[in-house]
Amino acid sequence: MTGRGKGGKGLGKGGAKRHRKVLRDNIQGITKPAIRRLARRGGVKRISGLIYEETRGVLKVFLENVIRDAVTYTEHAKRKTVTAMDVVYALKRXXXTLYGFGG
């Protein structure tokens, strides 16, 4: 007996965290050089200084929509873990098909 009593959770099965760290200002993690690299990959030569904040805003809205759809697929399947296929289907729904992740 491990001394956990009835209904004790096994290893790695901890309950929900009581205090969750509030995530804010993480969009600044998309750095100026990262946006510049993406633009270079797209064939851009010179970039205006105002582009960086605008790109962060557009990316945030896009990811919010994709994540919302992926979580909807997960909840419909009565799962708690978002799979790669949920994200693929969410992207496909927003007409941006992604290859190489199954399906």
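Cβ atoms here come from the backbone N, Cα and C positions, even for glycine.
Summarising the annotation, Swiss-Prot assigns compositional bias 'Gly residues' to 1-14. Annotation source Swiss-Prot lists region 'Disordered' at 1-20. The N-acetylthreonine annotation in Swiss-Prot covers T2. The N6-acetyllysine annotation in Swiss-Prot covers K6, K9, K13, K17. According to Swiss-Prot, the feature N6-acetyl-N6-methyllysine maps to K6, K13. Residues or ranges marked as N6,N6-dimethyllysine by Swiss-Prot: K21. Annotation source Swiss-Prot lists N6-methyllysine at K32.
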K17 (N6-acetyllysine) to the residue listed as 'N6-methyllysine' - Cα separation in whole Å:
33
K21 (N6,N6-dimethyllysine): tally of other CB atoms within 10 A of its CB:
6
Around the C-beta of K17 (N6-acetyllysine), how many further C-beta atoms are within 10 angstroms, looking at every protein chain?
7
Cβ-Cβ under 8 Å from K32 (N6-methyllysine), same chain, 6 or more residues apart: which ones?
Y52
